[in-house]
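**Q** The structure follows.
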Amino acid sequence: PPLPTCGLGQSWAVQLHTGPHYETEDGEQVVAEQAGLRNYGQIGQLEGHYLLCSVEPGPELVAGFMSKHVHPGHVLAAHPHILWHSKERALSRSKRSMAFNDPRYPKQWHLHNDLNKGMDINVTGVWERNITGQGVTVVVVDDGVEHTHQDIQSNYSPEGSYDLNSNDPDPMPHPDSRGDNHHGTRCAGEIAAVPNNSFCAVGVAYGSKVAGIRVLDGPLTDSLEAIAFNKHYQVNDIYSCSWGPDDDGLTVDGPHPLGRAALQHGVIAGRQGFGSIFVVASGNGGQYNDNCNYDGYANSIYTITIGAVDEKGRKPFYAEECASMLAVTFSSGGDKLRSIVTSDWSMDVQHIIAFTATKCDNSADWRVNGAGFHHSHQHGFGLLNAWRLVNAAKVWESVPFLLSYHSTVMKEDATIPVYADELIRTFRVSAADLRESGMKTLEHVAVTVTITHPCRGNLEIELVCPSGMTSIIGARRVIDRSAGYQDWTFSTVRCWGERAEGQYTLKISDHSNFPQVTHQPTLTPLSCASMGVLKQWALALYGCSMTFSEVTDRQRLVEEAMSGKYLDSNFSLPCPPGLDIPPEVISPFTSNNLKFLLLLGCFALFWSLYYTLEVALADMDLRALLYRCRRWANRRARRGHKGRGVEESLLDEEYRDQEEQDSVVDYEANRTLLNGEVLEA
């Protein structure tokens, strides 16, 4: 779709109402004209969402607006055809990378580490079986990809590429004075650098295709982000997004309404209905005590969040931790350790990572949850292992579709005490609650809170699942002096595979009197006299219909496949064909949708049975009435024929009985149907 040429603050994203009462030809064009704006078309693949931009203010137009006092924002807010609107603003997004030291393959220790055995991604055995990523396209959503580079050119996919900053098909980065626009190219090389060309390095999936979407080399808005997430989503399989909100220990930000809608639409309709796979970096704000649960991309249920470890499997000083992290892979370490550059929805991919990641760094806070999965806030489920991932994928059957349960919003207005006291709130999810959705086991657990506090960085928020597994979903941040959270959602994957039924406990404490340990000695702890208040909170569970025993069976099946026997035997499970998802399908069936359809079906069944019974009873009543009328008429006739001869009376009665029987037969043979036709005997 075309992109706006106007400046920031002069464009509006709108969502129009749908339905028979609102369907008008060129409805978005009419709305734009009424607001004094120009229609720039649909926003990416989001049906019903449009970008409206201010027109160039010529003298006649300015005079007309001055006389009518037209303000676009006021018109859009009051327009009956508009469901939602938002004025576009610039979003701050930071690239997340570490620089190369030596790109030659012998120095690529993350692919084969001879110095520290086991400290690599264990990919060479997969390559030996000719599994190199062939047939898969990875798109790097970044500052562009230098596709003419000798190590990228042969694997470049122009069909999956686009430049959203310049609005043309070529994502070639534009060099700047600082030389910053090379991040996307380095990520692309890490993924799919061509082997055996006597040049540079080897990509981890060197048989795959790599595309580029240039979007970070200019002002970024919500609508532009949404377009990027769905751009060429039937060509591109995996979206690599090694960027996010500023990693400064202060920011709480993530995808805005259009970006969230595009992520959801991608995992439903992308990849021929198998779902686009969005991989995001956990962040590089560790030195500021930042946490990836304050990054809405990293804690989304629609993304795969990957953190970093160094050459020895330990968390680098810059790496962030959080309860929503799925796994880690190798990145750069400290000054004495070797450096690399890394980049890396399908629920199946998330499951396979949880089932196959391996523990690293025994000093981390590893905990085993109620389903037998080990997880730490620093490393997620563990280190990505290519051998284990590929072997598990060979025997993996798709998990049932995503189910969800949402509690009511619980109003609190409760004061948050200073540590060691805690504000504790509980919510019990019963079997009856889950029966409506069909959920049995957990994947993601999310908590949305509204909290007022003068220094939110002093707060610590914990969630305890029914099994007793504890997640720090809101970690302390020493320099965050912002005032609370407004409907911010935290999430955790630490309860993956556990039973969903039971009591969930939310704990909030204020650590104003306890300074936080930080990697930066120049950072001073926060001092706030006022207390915080929990205004409201809500719980959301995401999982599937797999039972606890089925999760255990899958764990056993995956471990049995680790010998490589299925790779060697050319074994494969049948793969269903992709689907052509219509653009209007932008959301899955929710539990409310299913309940409505169930009630509608029950209602239709009730009326069908009622009408059938009514017709049957009416039929019986009419036959009985005819019979009674005939008998009554016969009795009257017999009384009127007193004194007549016996033989004549008998003949007359026999005639009337025959006439009565013929009437009943005629009624049966000529019943009127519902549509007014007559059914002839």
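Cβ from N, Cα, C; glycine included.
So TrEMBL has the following annotated:
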| type | residues | note |
| --- | --- | --- |
| ACT_SITE | D142 | active site, charge relay system |
| ACT_SITE | H183 | active site, charge relay system |
| ACT_SITE | S331 | active site, charge relay system |
| COMPBIAS | 151-168 | compositional bias 'Polar residues' |
| COMPBIAS | 171-183 | compositional bias 'Basic and acidic residues' |
| DOMAIN | 398-547 | domain 'P/Homo B' |
| REGION | 150-184 | region 'Disordered' |
| TRANSMEM | 596-613 | transmembrane segment |
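I would like each feature placed in context: is it buried or exposed, what are its neighbours, and how far apart are things?
**A** All protein chains considered, the CB of D142 (active site, charge relay system) has 30 other CB atoms within 10 Å.
Cβ neighbours within 10 Å of H183 (active site, charge relay system), excluding its own Cβ and spanning all shown chains: 23.
Note on the compositional bias 'Polar residues' (151-168): residues 2-3, 137, 139, 144-145, 185, 188-189, 192-194, 197, 199-201, 203, 206, 208-215, 217-218, 224, 227-228, 231-232, 235-236 of its chain, located 6 or more positions outside it, place their CB under 8 angstroms from a CB of the stretch.
For the region 'Disordered' (150-184), the DSSP-based tally of helix, strand and coil residues reads 8 helix, 4 strand, 23 coil.
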**Q** Can you tell me whether DSSP puts S331 (active site, charge relay system) in helix, strand or coil?
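**A** DSSP call for S331 (active site, charge relay system): coil, neither helix nor strand.
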**Q** Can you give me the Cα-Cα distance between H183 (active site, charge relay system) and D142 (active site, charge relay system) in Å, rounded to a whole number?
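**A** Here the two Cα atoms are 7 Å apart.
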**Q** For the C-alpha pair, I'd like the distance in angstrom between D142 (active site, charge relay system) and S331 (active site, charge relay system), rounded off.
**A** 18
**Q** Going by DSSP assignments with H, G and I as helix and E and B as strand, what are the residue counts for the domain 'P/Homo B' (398-547)?
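**A** Each residue of the domain 'P/Homo B' (398-547) counted once, the result is 10 helix, 73 strand, 67 coil.
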